[in-house]
Amino acid sequence: MSSGQRTERSVEIQPVVEYRLYKARFWGVTGIVILNIVGGMNWTYFGPISTEMVNDFGITLDQNNWLGNIIALTYIVFAPFVPVLRKRLGLRTTCMIGTATLILASWVRYAGTARSLPVNGAYALLIIGQFFSALSQAIFQIIGPIYSQTWFDLQGRTTATMVMSIANPIGGALGQLISPIPTHARPAILILGIVCTVFSPVVFLIKSEPPTPPTYAGSQPTPHMLTMLRALIGKQPLNDHHASLDSRMTIRERIDFVILTLLFGTLVAATNAYSIQSSQLLEPYGYSENTAGFMGAALLLSGIVAAIVTAPLFDRVMTHHLAFTARIFCPVIAALWLSLIWAVKPNNTAALYAIFVLIGVCSVSMLPVGLELGCELTRSADGSSAILWWSGNLLGIIFVLVEAALRAGVDARPPQNMHRALIFQGAFVVVACSTVLLLRGKQRRREMDVQKFEEYKAGGAQLGS
């Protein structure tokens, strides 16, 4: 047999990798979505009822803000460990840990409503409860992109990421709608605990991985978190035997990821800062707590609708234009946040609703775009997700603390207005969004998946469903 024949024979017997989809992927998405929703309620829940919290618990407005800040602060510390936890224990076990901390958070927080407790004792339990809720929120937010990569193909991956990423804002919107319904803060905290507990069994819908992967990327173990961090600073990857995907990043990819992190973090921080301080921003101008909550809900819910509409387009039509989309939307978002400097004034309800709806449409629909683009640039789905959400929480704390410090005094007109805070927020968003013009965002992970899928089709295999 000639060498040419031997080569041809070796090619013929080379195994063909099979890719397949399973219906169980939808059950897992359902579980993650529900847990993200109830987890997201914890963060913004106390924003619209800040006055009731002050009256019922004897705390200050700044202490009430820290019920949101403690979640962001805990998130910053815990987020980098979520990919490590998922890699060691598996996705299903990690989700169970997140659910356990969610239940624990609910009832520790409710224990703080006992009227026999002193002010500091009750507040300590509220803070501890929020701390545990931060652990669950970090887990369910960060695992979304890795679940999409593990279970979905190219025509459904962005949509799956979208559904899971917007679930947290849905929870935030529901939290802002539900918390003002009771007339006092203590019953509102009980309602939150019941909701979190009742829906926690859906964690059993989540499985770690399918028997057969859906794509080439889904078949490859993701790089270790340290491997990705080294790649971000231009270092050679560690001897990571669990990572088969190309974990090296070009200089252009590293620059793009820094820009993406700044953009993602700023947009998340601006939205969260408003959600936490909604009543403090609007009440001095004559708007009720219910109105402030409704405006926050309008922002989030309009964005959710927009994300549901746009995500399938990124999967099937604009498959290679994630960065281009960001370059279009980010300047619009910046202009809208800047406009609040002049729009927040008495008797301007209709204009404020319109602005918040437009902010939601542009900002929330960018969440899955940012998360998927992070995966494309790093080839590390949960690692990039952890860093992006980490940046949002870090900047969120900065926004809330700076804006609280910029609150006017009681002798201002109107008293305790936050006009200077709106100037800070608008200026920061404008500067951050201007960097989007430098974003290139090459989608190398998708290119690899397309190439491998073409090889798979050429091998004669058929995609299951």
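Backbone N, Cα and C atoms are what each Cβ position is placed from, and that goes for glycine too.
Per TrEMBL, the feature transmembrane segment maps to 26-46 (among others). Under 8 Å from some Cβ of the transmembrane segment (26-46) lie the Cβ atoms of residues 53, 64, 67-68, 71, 95, 98-99, 102, 105, 130, 133, 136-137, 140-141, 143-144, 147, 151, 160, 163-164, 167-172, 174-176, 178-179, 185, 188, 192, 195-196, 199-200, 202-207, 272, 275-276, 296, all in the same chain and six or more residues away from its ends.
Feature annotation from TrEMBL assigns transmembrane segment to 66-82 (among others).
Among the features that TrEMBL reports, transmembrane segment is placed at 89-110 (among others). Within the chain carrying the transmembrane segment (89-110), a Cβ under 8 angstroms from the stretch's Cβ atoms is held by residues 31-32, 35, 38-39, 42, 82, 125-126, 128-133, 135-136, 138-140, 143, 146-147, 150, 189-190, 192-194, 196-197, 200, 203, 206-209, all 6 or more beyond its ends.
Look at TrEMBL and you will find 122-147 (among others) tagged as transmembrane segment.
Sequence-distant neighbours of the transmembrane segment (159-179) (same chain, 6+ residues past either end, Cβ-Cβ under 8 Å): 25, 29, 32-34, 36-49, 137, 140-141, 144-145, 147-148, 151-152, 188, 191-192, 195, 271-272, 275, 278, 293-294, 296-297, 299-301, 303-304, 307-308, 310-312, 314-315, 364, 367-368, 371-372. According to TrEMBL, the transmembrane segment annotation covers 159-179 (among others).
Counting only same-chain residues 6+ beyond the ends of the transmembrane segment (185-206), those with a CB under 8 A from a CB of the stretch are 27-28, 30-32, 34-35, 37-39, 41-42, 45-46, 49, 52-53, 55-57, 91-92, 95-96, 98-99, 102-103, 105-107, 109-110, 112-113, 126, 147, 175, 178-179. The transmembrane segment annotation in TrEMBL covers 185-206 (among others).
The feature transmembrane segment is assigned by TrEMBL to 257-274 (among others).
TrEMBL lists 294-314 (among others) with the feature transmembrane segment.
For 326-344 (among others), the entry in TrEMBL reads transmembrane segment. Same-chain residues lying 6 or more positions outside the transmembrane segment (326-344) and placing a CB less than 8 Å from one of its CB atoms are 263, 267, 270, 281-282, 285, 351-352, 355, 358-359, 362-363, 365-366, 369-370, 373, 419, 422-423, 425-427, 429-430, 432-434, 436-437, 439, 441.
The transmembrane segment annotation in TrEMBL covers 350-375 (among others).
For the transmembrane segment (387-410), the residues of the chain that approach it from at least six positions outside its boundaries are 61-62, 65, 68-69, 71-73, 75-76, 79-80, 138, 141-142, 260-262, 264-270, 272-273, 276-277, 280, 370-371, 374, 416-421, 424-425, 428, judged by C-beta separation under 8 angstroms. Per TrEMBL, the feature transmembrane segment maps to 387-410 (among others).
Annotation source TrEMBL lists transmembrane segment at 422-439 (among others).
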Spatial neighbours of the transmembrane segment (66-82) far in sequence, C-beta under 8 Å, 6+ residues away: 42-44, 46-47, 53, 94, 126-127, 130-131, 133-135, 137-139, 142-143, 225, 272, 275-276, 382, 386-387, 389-390, 393-394, 396-397, 400-401
Intrachain residues whose Cβ lies under 8 Å of the transmembrane segment (122-147), provided they are six or more past its termini: 28-29, 32, 35-36, 39-40, 42-43, 57, 59, 63, 66-68, 70-75, 78-79, 82-83, 85-86, 91, 94-95, 97-99, 101-102, 104-114, 160-161, 164-165, 167-168, 189, 206, 222, 371-372, 374-375, 381-382, 384-386, 389
